[in-house]
Amino acid sequence: MALVTTAEVCDTNPQLIVSGELRALQPIFQIYGRRQVFSGPVVTLKAFEDNVLIREFLEEKGSGRVLVVDGGGSLRCAILGGNPVVQAQNNGWAGIVVNGCIRDADEINGCDIGVRALGSHPMKANKKGIGEKHVSITIGGTRISDGEWLYADTDGILISRTELSV
């Protein structure tokens, strides 16, 4: 999404918004990481107060994908910390969106990757490995499916059923 903003995408694609093929997440996310603008195919994960599956995903090659985690909106602990974000950056992930909290905010802010989360929290998550991979999730009032496309900038986050030719 070179130099095209999410606002411009919305302005030039009203038909996709009406049809539901292009959706905006509610503006509930804080911006972390050095890459404020990022996009890529979505990989979904549902994991409540548990970070084992998140770490497993980020150990894989990212190939420009975006990990979208439904953490149930929990504000009781962090499900993403600095070490996995460094690993994600090194493995070529474009970004991570977490419906939950991160920790090690300063370390994450030093990484060349885009991260969105509800906030930061000092307590760490459980490590039981409970969660569901590649399932449809609902975050920020929006249904998101594995394989859809995510576009993020400082104005917000868009989900598209297909890759947009912008």
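Glycine residues also receive a Cβ, built from the backbone N, Cα and C atoms like all the rest.
Feature annotations, courtesy of TrEMBL:
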- GLY81, GLY82, ASN83, PRO84, ARG103: substrate binding site (BINDING)
- ASP104: Mg(2+) binding site (BINDING)
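A separation of roughly 11 Å, to the nearest angstrom, links the Cα atoms of PRO84 (substrate binding site) and ASP104 (Mg(2+) binding site). Using the Cβ center of GLY81, GLY82, ASN83, PRO84, ARG103 for substrate, the list of other same-chain residues with Cβ within 8 Å runs, in sequence order, ALA78, LEU80, VAL85, VAL86, ILE102, ASP104, GLU107, ILE108. All protein chains included, ASN83 (substrate binding site) registers 12 other Cβ atoms within 10 Å of its own Cβ. For the binding-site residues given as GLY82, PRO84, the lowest number of other CB atoms within 10 Å of the residue's CB is seen at GLY82. Separating the Cα atoms of ASN83 (substrate binding site) and the residue listed as 'Mg(2+) binding site' is a whole-number distance of 9 Å. Here the binding residues for substrate are GLY81, GLY82, ASN83, PRO84, ARG103. Their largest Cα to Cα distance works out to 11 Å. Contacts of ASP104 (Mg(2+) binding site) defined by a Cβ separation under 8 A and a same-chain sequence distance of 6+ are given as GLY81, GLY82, ASN83, VAL85, in order along the sequence.
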